[in-house]
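Input: a single structure, listed below in structure tokens.
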Amino acid sequence: MQISNSYLQLGDDFYLPSTPRQPSNPQLFLWNQGLAESLGVADFLAQEQEDPAGFFSGGRLLPNSKPVALAYAGHQFGHFNPRLGDGRAHLLGELRGDTDMVFDVQLKGSGATPFSRGGDGLCGLGPAVREFIMSEAMAALGVPTSRTLAVVTTGDEVYRGDAVPGAVVCRVAASHLRVGTFEYFYAQGNKDAIERLCDYAISRHFPELASSEGPEKYSGFLRAVFSRQVELVCEWLRVGFVHGVMNTDNTTISGETIDYGPCAMISTYNPNTVFSSIDAMGRYRFGHQPSIAHWNMARLTECFLPLLDQDSKQATAIGESLLGEFPQNFEQRYHHMLASKTGVRLQGDSDKALCEDFLQLLRKQGLDYTNSFDSLTRSLIDPQHEDRCASQWPEWYQAWSARIEQQGRPREVVAEGMRRHNPVVIPRNHHMEAVIDECIKNGSPDAAKSWLKVLRRPYQDLPTTPNYQDPPADGDRSYQTFCGT
């Protein structure tokens with residue numbers, strides 16, 4: 001295992017050196033063995049006979065690690081801040097995985113940095129456990145996401161109103177390049193830095209563009225980033241995920257989900273669902289996430305206008321043309337996603353309407369999003385669920401059944417295809433809170449580990465799956481989330 005530091009080659013405008021805080025008594029709380037093996041970390045620890053807690057709490061540095069805090073800006077709830085940066089995170093470097101992909105390794109909650117703006121740079125155990133569970137659940141669901149290698153308790157208390165146990169999260173991501181990273185240099189008028197950053201992003205995420213040059217390269221880069229955002233948000237909508245804080249500093253160039261602070265999962269289907277306590281206007285509500293992704297891509301495109309054409313009017317026209325492709329591409333991908341969830345082969349507007357009508361029924365009847373699609377899937381092979389669905393949605397179910405029959409595929413085959421898009425279990429909010437509370441109360445990760453066994457197989461019926469399928473009694477109407485990590 002060898003840590004590399006390619007980001008440092010971009011120059012010291014891109015980061016500030018920062019040493020992680022020394023924890024008083026680091027103890028491993030949660031460990032991702034599969035991820036550790038894929039990164040070569042498990043072999044390294046075995047050979048060196050080392051405890052992971054020291055390395056992944058900031059207490060010790062991995063060989064060749066040169067920790068830094070990354071510089072970036074960002075639009076937060078629509079308002080621009082020209083200097084944000086990692087205020088409580090340290091990039092340790094990069095590791096090459098078993099698929100030959102390179103991944104960033106970062107500590108969160110590892111102490112103050114030059115970007116902390118007066119904060120303590122620390123993290124409580126609750127938000128750390130949430131990040132581990134959510135990122136692993138999302139990965140198992142098939143959603144592009146950062147991962148969590150470890151949660152380490154520090155032995156120190158963190159004050160968030162009350163004293164809570166401190167923890168450090170070790171996050172692994174395809175990179176930590178953000179829309180806000182480009183905005184940071186655009187705000188300074190640093191065209192050269194944007195060019196270097198784009199070349200670096202291409203080398204990490206879009207090597208197929210490496211031979212492109214000039215405006216063609218930058219147009220291709222923007223299209224590639226747009227495509228990944230379309231895919232990402234469609235996946236969020238597929239599983240019922242509400243990010244909660246889709247600021248441009250949380251929008252990755254890689255197209256991975258990052259920052260699980262105020263996130264949540266919808267229960268009762270309603271596009272206007274919002275959980276974040278700081279999102280009073282509902283800017284980042286469930287059904288508005290595609291529009292926000294488009295808005296964020298507009299902010300990225302602005303950074304590239306000087307590179308798209310020397311003439312500002314022509315550059316703006318090119319940028320607007322590129323952005324104009326986003327809604328259509330999203331709409332196409334979204335309808336295919338929805339068709340996959342309902343088992344319908346899209347052949348016209350009537351099929352799109354059939355899929356949309358199902359969502360409208362769920363909203364009108366105040367039904368659970370995940371369990372309704374699960375029941376619809378089972379109705380093809382289980383008479384009990386068939387009777388239930390036919391009773392719940394008589395007209396729609398009759399039309400849907402006729403369409404499935406008309407397609408000529410065996411019901412078992414359709415059900416199998418639907419199952420790949422409709423999970424049996426998701427990381428429901430009330431279970432998340434209960435598990436976090438139990439972990440903190442008992443000082444033990446057992447509750448999290450038990451739940452993770454189910455969440456890592458979300459499309460299968462396990463003996464313990466029913467324990468986590470029930471929706472909350474009030475449909476999460478009173479549930480709120482808060483920024484934590």
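Cβ atoms are placed via backbone N, Cα and C, with glycine included.
What you see is a predicted model, and the numbers here were worked out from it, not measured in a lab.
In Swiss-Prot this protein carries:
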type: BINDING; residues: Gly85, Gly87, Arg88, Lys108, Asp120, Gly121, Arg171, Arg178, Asp259; note: ATP binding site
type: ACT_SITE; residues: Asp249; note: active site, proton acceptor
type: BINDING; residues: Asn250, Asp259; note: Mg(2+) binding site
type: REGION; residues: 462-485; note: region 'Disordered'
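Shown here: features listed in Swiss-Prot, placed on the structure.
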| residue | record | DSSP class |
| --- | --- | --- |
| Gly85 | ATP binding site | coil |
| Asp120 | ATP binding site | coil |
| Arg171 | ATP binding site | strand |
| Asp249 | active site, proton acceptor | helix |
| Asp259 | ATP binding site | coil |
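Look at the recorded positions Asp120, Asp249, Asp259 and count other Cβ atoms within 10 Å of each Cβ; Asp120 has the fewest. The helix, strand and coil residue counts that DSSP assigns across the region 'Disordered' (462-485) are 4 helix, 1 strand, 19 coil. Calculated from their C-alpha atoms, the gap between Asn250 (Mg(2+) binding site) and Asp259 (ATP binding site) amounts to 7 Å.
Annotated pair Gly85 (ATP binding site) and the residue listed as 'active site, proton acceptor', C-alpha to C-alpha distance, rounded: 9 Å.
Residues Gly85, Gly87, Arg88, Lys108, Asp120, Gly121, Arg171, Arg178, Asp259, recorded as contacting ATP, have a largest CA-CA distance of 23 Å.
Sequence-distant contacts of Arg171 (ATP binding site), defined as residues of its own chain at least six apart whose C-beta falls under 8 angstroms from its C-beta, comprise Ala89, Asp104, Val105, Gln106, Leu107, Lys108, Glu131, Ser135, Ser146, Arg147, Thr148, Leu149.
Neighbour density at the Cβ, taken as the number of other Cβ atoms within 10 Å, is lowest among the binding-site residues Gly85, Arg88, Asn250 for Asn250. Distance noted between the C-alpha atoms of Arg88 (ATP binding site) and the residue listed as 'active site, proton acceptor' is 14 Å.
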